[in-house]
Structure formats: structure tokens, C-alpha cells
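First up is the structure itself, then whatever we jot down about it.
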Amino acid sequence: GEVCNTINKKYSEFLPSVQSAEDLLAQVAGLSSSIDLLKAGIENEVQCDLNVAVAEFTELKQQLERDTLVLSILRKLQEFDTAIKEYSAALLEKKYVAAAQQLEKARSSLRALESRKGFELKILKALGTELTVQTQNLLYHLGEEWQKLAVWKLPPSKESSSPESARRSELHLRTVPAKEEEVAGPPVASVLQAFAVLGELRAKLKTFGQLLLKYILKPLILYPSLQPVTEEQADAFVLRFKCEEPNLDHSTPMEVFDKIKLIFEVLHKYLLNVPLEPAAEEEKECRVSLAELLGGMIWEELSDCLIQNCLVNSIPTNSSKLEQYIEVIKSTEEFEKALKNMQFLKGDTTDLLKYARNVNSHFANKKCQDVIVAARNLMTSEIHNTVKITPDSCVALPRLPDPEAGDQLKTQKPSKRLHNDTMNLENEAKLSQHTFSLPACRISSSVEKLMELAYQTLLEATASTDQCCIQLFYSVRNIFQLFYDVVPTYHKENLQKLPQLAAIHHNNCMYIAHHLLTLGHQFRYRLTNILCDGAATFVDLVPGFRRLGMECFLAQMRVQKGEILERLSSARNFSNMDDEENYCAANKAIRQVLHQLKRLGKVWQDVLPVNVYCKAMGTLLNTALTEIVTRIAALEDISAEDADRLYSLCRTMVEEGPQVFTPLPEDDKNKKYQEEVPVYVQKWMTFKELMIILQANLQEIVDQWADGKGPLAAEFSAAEVKSLIRALFQNTERRAAALAKIK
């Protein structure tokens, strides 16, 4: 019964909630249908009205934009027109700055008009043309005024630059009229200011600057005789030149600086001392003073010219004058300071001052350059002007500074004994007196001077600053490397053609090599401190120079040998001497060879050292004798008459050959060398043995051979002797017996 009660209770609670849910459903359905009606209403009517309103609004907005644009364009056109009118009025009154400013206003209005996209007015082109015409018109007026302000009187442009043409250059600067005479013309300021406003000032100043450089500043630097003259006239200030005899080829930097300063002072006072109002467009640009503008345009070229034509010449050529150079540096500083005060220069230390302050380095460069130029001139001068060198002659060694003489040389202090040796090499523990001496010979005087230049330069190096010392040391090394490269090439043809020059060149090279052995040694204390250990030497160059001399001389020897063989080749092999024509040819060949040797003996006399001379002449005579022996030994048949004639030809060689040895100019001293000919001529004894064979009978030949122990066997082989016997003697039993003994 209780369960039933519970169910009834739940049921009675459930029923009303079902009921209320159904009511709600009915309400939602009603609402939904009224929403659908409303939506349909909006879509059909309100939407249409809304679209119409938006379209109208957009159209109105565009209309407004068009009107605003037209209005601003009209305003700009009006501005342009006003500016041009005001410009014309200002121009009439010669108010150039105002006129220029109005033109710039017109220009900015026009720019604004041109920047409108999609709005091309035909009128703009006409306005542009009008503006250009008016600008040119103003520039023309300004140009005219400017020409009155700065008047140039110049020599004809065809004339080359010289002190005379410079004297005809003048610059007239019109002085600014006093306040009450305003009518006399606009002041400089307004003309230049107007140029500045129009942006044409730079171009005008550039032209002026170029004229200033060409006709005033550069001539003052280049020609010491020119002096600037200034003259005040009623309405102008005149700048011209007069010529005076200069004391020196080059003015001192101080004189040049003074002249240039004067020019700048005049310009500053009468032309450029104008404050520039900043123009509308380029505020920063125009705060620059006129002087600074001009300075910026010409300073670089001016300072280059001052360095090249003034400071370079003032660099001292020897270290003793370096002290005085302080003056030049001071005056360069003052010159720059003056230009800065007048505003021609801005910024710090310019190239000009850097150059002056860097004097030590320039001194070294100039010195090195001078040394190399001097050396090159010596190398390209004639070889054949000679001086005699004897074992006692040495390059006069300059006195060297005492390494203990104060600190300026910063050397270690060697012991006293060592120091004396630096002064004089000969004091060292006595080697033979001639260990380090050259044999007597002739060398080119230019090479002697070259050696003096090397010593002089090294001496200068020892007294210089470290940097300079190093540069000078290497430039001395360069001298010798230059000689090695230049001389053989430059004198090539003569060294090949002329035996005397080849001999002198050989001596020159040996002389240089000889000095290079000890050259670094004399200066070792000073140089070794600065150059890395022991680098102060020239010994490494010695073998190259010896080789250079030898090669040149040996090449000449080959030429001479060739000529000897060439002459002997016309002797018809020395065969059939009983034929008169053949004998004449052989005789002529031998005479020519002797003549050639005699001539060589003369041109080398007193030039080559005696030992070299004797070796060279001996070698050439030997070439001739060897060739004659070879030819005669090769003959297959020698008649008795042939043998006599061959003998007389050989006798000519033996009698006259030694006479070509004339190493010394004094004849009586040459006898000794002529008697020593067998020492220098390898085949001398061979030749003498050949002559004996040509005159001997069979028995005498066998005796000379003496079983291979006689003098003949020392010079000829058994085969050669047999061949000569067969050629000289008929085929008899006696000949066969003699031949059997030669083995």
C-alpha cells in the first residue's frame, strides 16, 4: 500500500511540469514565426534604403576631395604667380637676394604642383619654362655683377706659363661701396648670397679658384723671382706681380708661405669676408663661410704644389742640416694657423704639415734617391776613361766617427784597440802587405767614383737616425745590385766588340768584388747595432761580381780564338807548300794571326793585371800553335821543299810570337815576360819539336824519340811520329827500320 502512495505522489508532481513544458513549446513556435516575418521585412525594405544612403555619402566625399585638390592647386598657382611678380620687382631694384629667394619660392610651388598624380595640367609645362627663363635671366645679371666685382686681366691663353707671362696677370677686386653710395651697385655680399640661394655659388667659386691657382698661386710657388704687388685704387684693389732677381734657384718655404698668405689676406678682406645667410632649402650647407668653400676647392691642389715644388727642395741633403729644418716646420705650422684664422682651412694637421714634420723619412728617401741617381749616371758613363790602380792605392777611407763620441750614435763601447782598427784596417796583425791589395791595373774612373759614393753614403749612414741608417745601408747594397744588372746590358754591344773594354770591365768587377770583401767591416760597430746580427755585410755579393767579370772576359777570349782559327783556315791546310800560291796563302794567314795578337797585346797593355795579361795572351798564342801543329801532323805527303817552307813559317811564329807579350808600357821591362813564354803557352815545346822533325833525318828523329823517353816522346804520340815519318820520307828499308823503333 505504501509503494502505491509513493508512485501517486511522484505522478502528481510530474504532471504539472509536463504541462509547463508544452506551454513553453507553443510560445517558442509563435516567436519563431514572428522573427521570420521581421527578417523578411528588413530584407525587402530597409536594406534598399541603406544602400542608397552609402552611395550618396561616398559621392559627396569624392566631390569634397576634388574640390579640396582644385583649391590647393589654385592656391599653389597663385603662390607661383605672386613669387614671380615679387621676383621681377626685386630684380628691378637690384635686390638680388630677395629676387633669388622669390624664384626659389616659385620653384617649390611648381614642385608641389608637379607631384600631384593623375592631375597633369598643360599649364605646368609653360610655368616650368617661365621659371627656367627667369632663373637664367637672374643668373645673367648676377654674372655681370660678379664680373665687375672680380676682374681678371690675363695673358693670351696660348702662351706657356713663365715669369714673363705671369707678370701680365692682374686681379682687380672692386671695393665694397660705402653705405651712402649704395647706388654704385650691390655689395659683394648680395651677389654672392644670391648665387648661394640659387645653388650656383660652388660653380662660380670653382672657376674663380682655378684661375687663382693657375695665374696667381702656382706662379708664386714656381718662380722665385715673382713678388706680389698690391695697390689700392679709388674703387678697386689691384693684385699684380713684379719680377726681381732671385738669390737662389728655389725660394725657401718661409718666403713662399709669406707670399701666399698675402694673397689670402687680400681675398679675405676684399672678397670673401661675407657672412652667408642660410638659404631656405639647405640650412646646413650655407652656414659654411665663403673662404671655407673656396679653401675646400683649392687646398688639395695648392698643398700638393707646395710640397712638390717647395718643401721637397727644402729637404736637406746631408744630416748636418737636419737641425735647421725645425724652422721650416715652424713656419709651416704658422702658415696653416693663419689660413685657419681666415677660415680657408678647417680641421687639423693637413698633408702639408705632415710632410714637413716627416722630414727624417723624406731626408732618407731623398738621400737614397740621390745616391741611386748618381750611381746610375756613373754606370751609364763611358767605360774607357780609366785610372790606374796600384797595390798601394785604396779608396781614401773617410774618417769614421769615434764610437765613444757621445750618445748620439748609441753604439756599444768597444775596447780602444778595436776602435783604432776600425779607423785603419792596416793596423791589424800584419798579414802580407798585399793580402788585401789588388794587382796593378786600370779601372774606369766612374767605378772608382762609384766606390767613393758607396763609402761616403755608408759614412753618412753611421751619422744618421736608425731608420735613415737602415735605408742608406740598403741603398748602398742597391748600388751594387744595380751595377750588376745595368752595366752588362747597357754596354753590351761595346763589351762584345771591343776587347779593351771587356778587359776594363773585368777589372772593374774584380775591383768592386775586392772592396765588397771589407766594405761592411769598416762600419761594423755602427751598422751591426741596427741591422740584425752581422747583416751589415756585402760579402755575399762578391762571388757574383767575380763571375760577372770573368764571364765577360772569357766571352771576349772566345771571340778572339774564333778569329785566330778563322784566319788559319785560309792557310789551305799547309799542304803543297811548293806551290807558290799555297805558300803565299799560308804565309798571309800566319802574318794576320801575329798582327791580331800584336794588336791585342797593345790594347790590353797596362790595362790587365800582368798575370792575367800573360795568361790571356799565352792562351791565344797557344790556340794558333795548336792549330798549326794539328794541320801539319795530319799531312800525308811532305816534299823536301814543303818541309823547308813549313819550317820557315813555323820559325816566323817562334821568333815573332813572344814579341806580342808587352804587358807594360816600358819596353825594357817586357823582356822578362817574353822569355817566360813557354810557361804561358802550353804547346810551345810541342811546336819546337815539330820544327826539329821538319829539319831532321831519320836517325835524328829516332834519337829524339829515345825509346819513348826523349823530348819528342814527351810531346807526340808514337802514332803521330810514325805518320810524320811516312809523310816526310820515301818508303825504304831505312824508313821501315826507323818506324820499327818508334813504339
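Heads up, the Cβ atoms here are built off N, Cα and C, so glycines get one too.
If you look up TrEMBL, you'll see 2-84 marked as domain 'Centromere/kinetochore protein zw10 N-terminal'. Here TrEMBL flags 89-116 as coiled coil. According to TrEMBL, the domain 'Centromere/kinetochore protein zw10 middle' annotation covers 142-379. Residues or ranges marked as domain 'Centromere/kinetochore protein zw10 C-terminal' in TrEMBL: 436-566. Residues annotated as domain 'ZW10 C-terminal helical' in TrEMBL: 588-742.
Residue counts for the domain 'Centromere/kinetochore protein zw10 N-terminal' (2-84) under DSSP, split into helix (H, G, I), strand (E, B) and coil, are 83 helix, 0 strand, 0 coil. DSSP assignment over the domain 'Centromere/kinetochore protein zw10 C-terminal' (436-566) gives 108 helix, 4 strand, 19 coil.
Across the coiled coil (89-116), the model assigns an average pLDDT of 84.
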